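Sequence annotations record features per position, and here TrEMBL assigns substrate binding site to D20, L21, N22, R35, H58, F59, G60, R61, R116, R149. The ATP binding site annotation in TrEMBL covers K199, E321, G351, G352, D353, T354.
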Amino acid sequence: MFRTIDSFNVRGKRVLVRADLNVPAADGVVTDTTRIERSAATLIDLARRGARVILVSHFGRPKAADPAFSLKLLVEPLSQALGQPVRWVDDCIGRATQRAVASLRDGEVALLENLRFYPGEEANDPAFARELAALADLYVDDAFSCSHRAHASIEAVAHLLPSAAGRLMQAELEALGKALEKPEKPVAAIVGGSKISTKLDLLGNLVAKVDYLIIGGGMANTFLFAEGKPVGASLCERDLADTARAILEKARAAQCHVVLPVDVVVADKLAPGAETEVVGIDAVPEGKMILDAGPASAETIIDRLGGCNTLVWNGPLGAFEVAPFDAATNAVARWVAERTGQGRLLSVAGGGDTVSALDKAGVVDQLSYVSTAGGAFLEWLEGKTLPGVAALGGAA
Ligand code: 3PG
């Protein structure tokens, strides 16, 4: 069980908040403010309660101090999201930083420079963590999407100060807990994406936890191939056929029903307006590529989901970036959104492509919870212990 910021009396206290402000940006301008907006709740709450907020994050993957990776570009959008000016501090440790932090008044927020300008951050260096801890009285971790990193601002520092989960961290852990740790059964997982090689641990963990494992995207082709089906010129990891068969075997032993496509959309190439054809999985023509699950597959998926109370979704069902290969993903996403809206399904989704696919289907705000995390969400689906969560005292 973890503590939340409600357990802290923060008035007049210096509170170090680790957020994930690793936002998409181009030419020095933030192009998607979702992570800023999702981080705002904790910062507003702490500032209103009179805390002196010291906000830290990484941005990109610099190996040393590099102006191209400065967090300064966030001062403006953050000030807007918080409705108050955010002070900029152009370092994250050292004397000047200590002086800047010491001059903060109750309710003020300061943003410090990119943590990854110091190698001690990624090395989880205790000395670097002590420097960060020296800035503050309390520590709040609001960066679930960085929880898979045992970095100093996430792991080591949590052991040096009284620590709590911020609002976003709390929401993520509660939603994920409901979806997979203590779910209302039956539970389904939709796993899509192009390759099974990147999701082997995830598939292995899920078959032991869910009642239905719905497989889509390019990775379904490897399973179809493993079952002796023709896959034409489709993306397919032929060398992993044995692995796919082992996953199917493990699923059978665990009484997890694996749902594979029953029909598919094929084309000569992945291009907008390509000539398409819907074929049964026994009839994929040589030279053609499977680019989406077919309409009968989408119906089957919806039928199986109709008997479920909980859904975890990672990965699209087809090459959703290019219409019309987004049809199956859109149909299932819209049904899931509607069912969730009726209060008949708890739906949790995460992972970069999944969020874009749901956004494209126009339903990203209509699921029970959409995680801001990419890698951390995947590692959580793999059943791994996330160092950032463990450092706070474990999951919900
Ligand atoms: C993310 O964008 O998934 C997190 O900010 C983690 O970033 P990283 O993969 O560079 O550690």
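Heads up, the Cβ atoms here are built off N, Cα and C, so glycines get one too.
Curation does not apply to TrEMBL; its annotations are automatic.
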What's the longest C-alpha separation between any two of D20, L21, N22, R35, H58, F59, G60, R61, R116, R149, the listed substrate-binding residues, in angstrom? 18
Near ligand 1 by the Cβ criterion (under 6 Å), the binding-site residues from G60, E321, G351, D353 are none
Which one is it, among the binding-site residues N22, H58, G60, R116, that lies nearest to G352 (ATP binding site) by Cα separation? N22
Please report the distance from the Cα of D353 (ATP binding site) to the Cα of N22 (substrate binding site), rounded to the nearest angstrom. 17
Out of G351, G352, give me whichever of these binding-site residues has the highest number of other Cβ atoms within 10 Å. G351
